[in-house]
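Presented below is the structure to which this report refers.
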């Protein structure tokens, strides 16, 4: 058996004979790593929100919002790219009279489509207004819907072709023309139009053209807002940056407290085990060997604690009703595990630094006294 193999074997023996102590170490590491994990998962959640509410070229667009009962107020020339979406909160009598947001989107929808289990709308379904829809996961689970099932909406039966897996996606998505067929009479719908002119300098003129069309085609229409897409886009980026900075600072502070606390714990552990370290050094183990031994031992503790954090992060979030504020995916897990590994290395360095220069005789004497 090589020297390194013997040290690793010794580490396994220590863990097996001192299970209770090492369980306490794992719990201590788990508590310290939990808050940084929540911060990383929260940053990822914000990234997804920004991704869902922005799109490429958004800064070149303008948006107009209005209330109307008419789905066909806007007719522009082919030189202008534009998309109209509709939104309405429906009182779903079959769902305990819960008000559910209904969103109608067209084939030119600029924003990223929601992630779905099943499939997204085909171009033909969007253009012709086929009776199909996407349902959010919460309502699908709550009322037992699955792909291929149907739901009734004001006398129209729509087939569910996909379940939106993003927890932030709400309500029901359907083609714009489908929604136009369902809400034909005496229903005030909120419309949002996104318009991209051929020349960015024509933004203000395009807004005037759009609002004039709305008001001339529907005297009762109410203009809600006009917004420059650049303002929305840069505000979203600023929000993302600020959120990342705040959460990163919280994570860094939590990691520093964790390092301070666990370094004290592991230094005390190293002091208690000076005799074992002295014996290993007397048998020929170098400082590098001792460091590898401690790194391996600390790595086992960190790995178990990090795994426990990843396993319990979502259940804890559900208990605290903050499940929608975090995202746990491979990116979050990867960043968190790398952070845990770096922490492990720092803890190893901190715990052995105080005793690595002591002579073997002094280490044996300290233990015996």
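All positions are counted from 1 along the displayed chain.
Cβ atoms here come from the backbone N, Cα and C positions, even for glycine.
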Task = Check each of the ranges 206-229, 326-349 against TrEMBL and return the one annotated as transmembrane segment.
result = 326-349
Note = Checking 179-200, 245-266 against TrEMBL, the stretch recorded as transmembrane segment is 245-266
